[in-house]
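Now, the feature entries from TrEMBL:
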- B:6-29: transmembrane segment (TRANSMEM)
- B:76-99: transmembrane segment (TRANSMEM)
- B:119-141: transmembrane segment (TRANSMEM)
- B:162-180: transmembrane segment (TRANSMEM)
- B:192-210: transmembrane segment (TRANSMEM)
- B:239-262: transmembrane segment (TRANSMEM)
- B:282-307: transmembrane segment (TRANSMEM)
- B:328-347: transmembrane segment (TRANSMEM)
Amino acid sequence: MTESLFYFLASLTLLCALMVVIAKNPVHSVLFLIITFFTISGHYILLNAQFLAAVNIIVYAGAIMVLFLFVIMFLNISKESEHKVKTSTLSKFAGTIAGGLLFVVLIAALKDTGVTGYSPDTYNSQVGMVENLGQVLFTQYLLPFELASVLFLVAMVGAVMLGKKETGEQHF
Amino acid sequence: MESVELIYKAIYILVIFGLTLLIATYSTYAERKVAAFIQDRVGPNRAGPFGLLQPIADAGKMFFKEEFIPAKSNRLLFIIGPGVAMIVACMSSAVIPFGDTLIIDGRTIYLQAIEVNIGMLYIFGVVSLGVYGLMIGGWASNNKFSLLGAIRAASQNISYELAMGLSIIAILMMTGSLSLREIAAQQEGFNWNIWYQPLGFIIFLTCAFAETNRTPFDLPECETELIGGYHTEYSSMKLGLYLFAEYINIFVASAVISTLYFGAYNFPFMENLRSAISDPVLANNVVTLLGVGVMFAKIFFFIFFFMWVRWTLPRFRYDQLMKLGWQILIPLSILNVILTGGGILLFDRVKDYLF
């Protein structure tokens, strides 16, 4: 049951991720990306990590992708601008070669790695629950956690600075 | 045992789903009656006794109207839009505890569709998805005013989600759990969260109005500035689904407010009632059934409150809305989080000192 569910979810994830790249309309791409995030959340639930699944949906599908959709809807108002973008043969070649090289590097990196198993006796199935995650984050990984929060604060201050009206700027 | 559980869950989910739709249907009738009462009119009174069949007549009218899809619209997304709005609205009532346990034939039954230990995050995630229905519909209409309405709705929802999340954090600090069943169980008797979190409640209520696009924050469908908002191009039952989703959202928002701040199914003196009945099984069932009644009374009061405000307050201006959200509610809710933290620490100290 779980295994077939995993294969279904995995194939759906790959299909949607592929459609993000293939889709002609950028809004369709964004919608496929949202479905991809949902399927990834499904994987988290299969791994018994409910907190990560919920946060993944809230942060990525709920906030970031809304902003993506926002910007793309604004850009996409005039349909004519789409046809102006033409890819030259040279850039197509360059893209194919670069992608192929990346593929080779990935295969080289992954061909010798094995999947480390887990022992069912010592494995704690509740490891992905909120309480356990909070315990680990606030004891074992306290410093990285706090540093990440400082990073967010810096990003917020930067955004406020960029958005601030300068003196003498016209008010619309 | 397993299959019996499953069948019970399926029946319960169907009942909750049907109840949600029924309450949303009759909210439209209640809205018109409340409006009529406030404006000193009679309201709908032609279809059936007291006009009780009016929602069904409205739905019938909606279904028989012309189905119109604009020529240059994105057909698929245009059709998906209202469906997304509706599905997302219906999803969130799954984790709300409508009652405590019932004991039938020695089997304990929880009156909650699914119990997850991240119940609050689930609701928050579903609420944050609600904006997609509006945005997809508004964009796919290929109409300037629909797009403007959709953009407005999206930015309003995103802005108020922040303050909403922060006001919930104060509740979570107090209860120490994300599970709605746990939060409800901790407000035993008259020990409701509203006594500890009055500021958080006001912030949450304001944000709930903004999230459900109700007056005074119904700017996405502001007729004087936009023609009709994100559903300008919609007709027939597609428009009906958008309007219906709003009423479902009101029901869910009322249920969440009752659960978080007004003690869910708890009512004063429930322990006295429980000990007054000698048979423990009967006592438990009586208290639970009364609790379900109390829960729905609270929900109906808040639905009425949503309508009351709609017919009392005028609409905000858009810059006022943004200013309220970002410059007043977010700092206030951060202050609320700090006050709550300080209060919890102080309470612990005082308890150690006294006892």
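Every residue gets a Cβ built from N, Cα and C, even glycine.
Source: prediction; values computed, not measured.
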Segment proximity, the transmembrane segment (B:328-347) to the transmembrane segment (B:192-210), 3 or more C-beta pairs under 8 Å: yes
Long-range neighbours of the transmembrane segment (B:162-180), counting only residues six or more past its ends (CB under 8 A): 95-97, 112, 115-121, 123-124, 127, 186, 193, 196-197, 200-201, 203-204, 206-208, 211, 259-261, 264, 325, 329-330, 332-334, 336-337, 340-341, 344
Selected stretch (most C-beta pairs under 8 A with the transmembrane segment (B:282-307)) from B:6-29, B:76-99, B:119-141, B:239-262, B:328-347: B:239-262
Answer key: the stretch among B:6-29, B:76-99, B:239-262, B:328-347 with most Cβ pairs under 8 A to the transmembrane segment (B:119-141) is B:76-99
